[in-house]
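Before any comments, here is the structure.
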């Protein structure tokens, strides 16, 4: 009962953990050193970024100041409007980065593919008064954009950061906050919302979360629990065949849920053109293949007394433990990609550590029981032989 309670508690902690987060800064109380004033501002949800702006509907001019704080040296930033979509392709970007002489270069760059190197070029709308400053680890990009009012005043925005190699811009990261830096801005109401709050962005974010939760619960928690059941419950004579049915039920359930999570990941990959997580994907495919072979191998399991049963057991244990190790490694790689709040990583780490400690304690107890049982059986045999010898010579 104690062990079952611990395992249930681990699952509960992981699934129902409550997270809280808050921004360290807000845009409303910020004052520009140039005394520039803007009618509206928004705290962007990721990348320590803020957008200040004023829109003149009569002229169609949008004055913006994009601020990126906590920006270490050797980094570039970009803010863009995408007139045709909610993603990166089609975005009309303003790029800025510090150069070695202490000045900041700011220029425009239309993005036509995921393989862009942010080459300078003209945008699909007019840009004027473009400049940028960098001091105290904060980059501010100023510009005036000619944006006639369309689509009810909604515009799609994208912002990014990445590293520099000299004066060359390196690709931005393709995980964590860097794949969530997309929002819609209503120039009339002044409201801004991440695209993860609705539409296609909402669908993709939900799929990522579903993918992560399904795989973590199945491959990363239920599979190890099933292995613990098989390894340690079978030692108890009172458990009888119950340990086997519990083991099969747990692993079969984990496999079914895991396949659903795996399929969600494959679907996400096909929908994320230009974004590749090669190692995570390769481990996931290997994991699915090994687990599938493991499931079908159950139908070929020899009888306990069969001469090939020993070899089947070696195969079964080797593949099973390999699946568990790969699963845990890949879940942490997935956490690196999703970059959720630290509590999620801490929760999963705590679960794995707890399961490891439970396994270690049960391993010691199992060896104690096996050795004690062996000694008892040996003593019983010796006693029987002794009794038999005395009766022979009586």
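A Cβ is built for glycine as well, from the same backbone N, Cα and C atoms used for every other residue.
Here is what TrEMBL records for this protein:
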SIGNAL    1-24  signal peptide
DOMAIN    47-162  domain 'DOMON'
DOMAIN    176-371  domain 'Cytochrome b561'
BINDING   211, 247, 280, 316  heme b binding site
TRANSMEM  212-230  transmembrane segment
TRANSMEM  242-262  transmembrane segment
TRANSMEM  282-300  transmembrane segment
TRANSMEM  312-332  transmembrane segment
TRANSMEM  347-371  transmembrane segment
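In sequence order, 294, 297, 301 make up the list of same-chain residues 6 or more apart from residue 316 (heme b binding site) whose Cβ falls under 8 Å from its Cβ. Around the Cβ of residue 211 (heme b binding site), a 10 Å sphere holds 23 further Cβ atoms from the protein chains shown.
Site extent for heme b: among the recorded binding residues 211, 247, 280, 316, the largest C-alpha separation is 27 Å. All protein chains considered, the CB of residue 280 (heme b binding site) has 20 other CB atoms within 10 Å. Residues near residue 247 (heme b binding site) in space but far in sequence (CB under 8 A, at least 6 apart, same chain), listed by position: 226, 229, 230, 233.
Counted with DSSP, the domain 'DOMON' (47-162) comes out as 3 helix, 65 strand, 48 coil.
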